[in-house]
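Worksheet for the structure shown next.
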Amino acid sequence: MQFLPLFHKLQGRPVLVIGGGEVALRKARLLSDAGARLRVVAPEIRSELQELAGADGICLRGYASSDLQGVALVIAATDDEPLNARISAEAQAQGIPVNVVDAPALCSVIFPAIVDRSPLIVAVSSGGDAPVLARLIRAKIETWIPATYGQLANLGKRFRDRVKQLFPDVQQRRVFWEDVFQGQIAESVFAGKPEEGERLLEERLAGAAPRALGEVYLVGAGPGDPDLLTFRALRLMQQADVVLYDRLVAPAIIELCRRDAERIYVGKRRADHAVPQEQINQLLIDLARQGKRVLRLKGGDPFIFGRGGEEIEQLAAEDIPFQVVPGITAASGCAAYAGIPLTHRDHAQSVRFVTGHLKDGSSNLPWKDLVAPGQTLVFYMGLVGLYGICEQLIAHGRSAATPAALVQQGTTQNQRVFTGTLETLPQLVAQHEVHAPTLVIVGEVVTLRDKLAWFEGAQGSL
């Protein structure tokens, strides 16, 4: 190990930055965030850097050895290599930590790549050998640690002394904090409810038993590509005890769930419901009452034709804790991967999402509104009733030559896209054996696919 990771408290302490350009500015921003008192020396100094240092911290001249007097840290950020080497030698001779930007051999300290969730700080370093790799690893860590971890750390800080008094034994304290940071208290903070998290922690310290009640996570899995999951969705997927998933959730996404979680298929298709909706609702309640963390995983977005509202209505009625994580809805994801912008200044000023399968099985849609000019229509679950949809749109005034598209299994390697018109779309379904899940897009924007298509599945498109 070439460098020992340490954290340097710089609040109120003088730090010398030699250099006045972009590199010096980047270092100065970081030092300012840490509360350091900046002293910047350079013949020319950028205005933003001058603002950071203040009038008393600016010296518009070259470096002098006397500048090192009384400083806690030195940063050499000039493009003069001999000068940088001199600064390094003089600082180290006086026992002052020194960092020479992009010259690890001249450094006694180096800057790591930082994930800032203050007061929680994560530092990643390659010892100066591969800084780009360190930044890439930092980016991965950024996705694993929600921004609200800082709030959770602050909550722990406020209660630390009380917990220490209550649990003098180190092992007992460790078990207590592990439960806090991995359980309902932490989830309340992550869900944007810090007051609830603090209340639950107060209850625990007052002697209340841990809640036996679990929680339900209603999570949108997006249209199929696992890369389109949100950070929060992925985190909850990896900590749930039980997963209830729909037919439209891609297998690759299900595989990202916790390995030892129980998986329950509750998918539906037309006239074939593996588990009736009422039974799904009750199952969510029963599992949560067993103290389990229950993931309800739905394709697309749970609040757009996903019956998510119905499910959480039941949870709310039974006082079951829940949180909702939106997902990229099929219209957005599939249209983007098909190269079809849903709105465009020259073609469509609005877009409508329409279900092609209503609760009573009818197609009683506001057809007069749906044929208004300047809009794009996106039909979910419209494949079975496609002939009737096209017929009604034409009958109510939409031109039979209106461009239209079918996007099957959009955003995945199995994606297929077929373009035609309202008149020819039903024929394309039969000709190419198109099957669900397929999205129907109607409007002039479909013509842009010829220029904007950028993603093709393994089976190609027409």
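A Cβ is built for glycine as well, from the same backbone N, Cα and C atoms used for every other residue.
Here is what Swiss-Prot records for this protein:
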type	residues	note
REGION	1-201	region 'Precorrin-2 dehydrogenase /sirohydrochlorin ferrochelatase'
BINDING	E22, V23, P43, E44	NAD(+) binding site
REGION	214-462	region 'Uroporphyrinogen-III C-methyltransferase'
BINDING	P223, G299, G300, D301, I304, T329, A330, M381, G410	S-adenosyl-L-methionine binding site
ACT_SITE	D246	active site, proton acceptor
ACT_SITE	K268	active site, proton donor
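Structure coloured by features recorded in Swiss-Prot.
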residue: E22; record: NAD(+) binding site; Cβ contacts under 8 Å, 6 or more apart: R46
residue: V23; record: NAD(+) binding site; Cβ contacts under 8 Å, 6 or more apart: A77, V101, D102
residue: P43; record: NAD(+) binding site; Cβ contacts under 8 Å, 6 or more apart: G20, L60, R61, G62
residue: E44; record: NAD(+) binding site; Cβ contacts under 8 Å, 6 or more apart: G20, L60
residue: P223; record: S-adenosyl-L-methionine binding site; Cβ contacts under 8 Å, 6 or more apart: G299, G300, I328, T329, A330, S332, G333, C334, Y337, G410, T411
residue: I304; record: S-adenosyl-L-methionine binding site; Cβ contacts under 8 Å, 6 or more apart: T329, A331, F353, Y380
What number of additional C-beta atoms lies within 10 angstroms of the C-beta atom of the residue listed as 'active site, proton donor'? 16
Cβ proximity for the residue listed as 'active site, proton acceptor', under 8 A, sequence spacing 6+, ordered by residue number, returns V266, G267, K268, L297, K298, G299
Three states by DSSP: which one describes I304 (S-adenosyl-L-methionine binding site)? coil
Tell me, what is the mean pLDDT of the region 'Uroporphyrinogen-III C-methyltransferase' (214-462)? 92
Most distant Cα pair in Å, residues P223, G299, G300, D301, I304, T329, A330, M381, G410 binding S-adenosyl-L-methionine: 17
Same-chain neighbours of the NAD(+) site, Cβ within 8 Å of the mean position of the Cβ atoms of E22, V23, P43, E44 and not counting those residues, run in sequence order as G19, G20, G21, A24, A42, I45, R46, L49, A77, T78
Identify all same-chain residues not among P223, G299, G300, D301, I304, T329, A330, M381, G410 whose C-beta atom falls within 8 angstroms of the centroid of the S-adenosyl-L-methionine site's C-beta atoms; report them in sequence order. G222, L248, F305, G306, G327, I328, A331, G333, C334, Y380, L439
NAD(+) binding residues E22, V23, P43, E44: largest Cα-Cα distance, in Å and rounded to whole number: 15
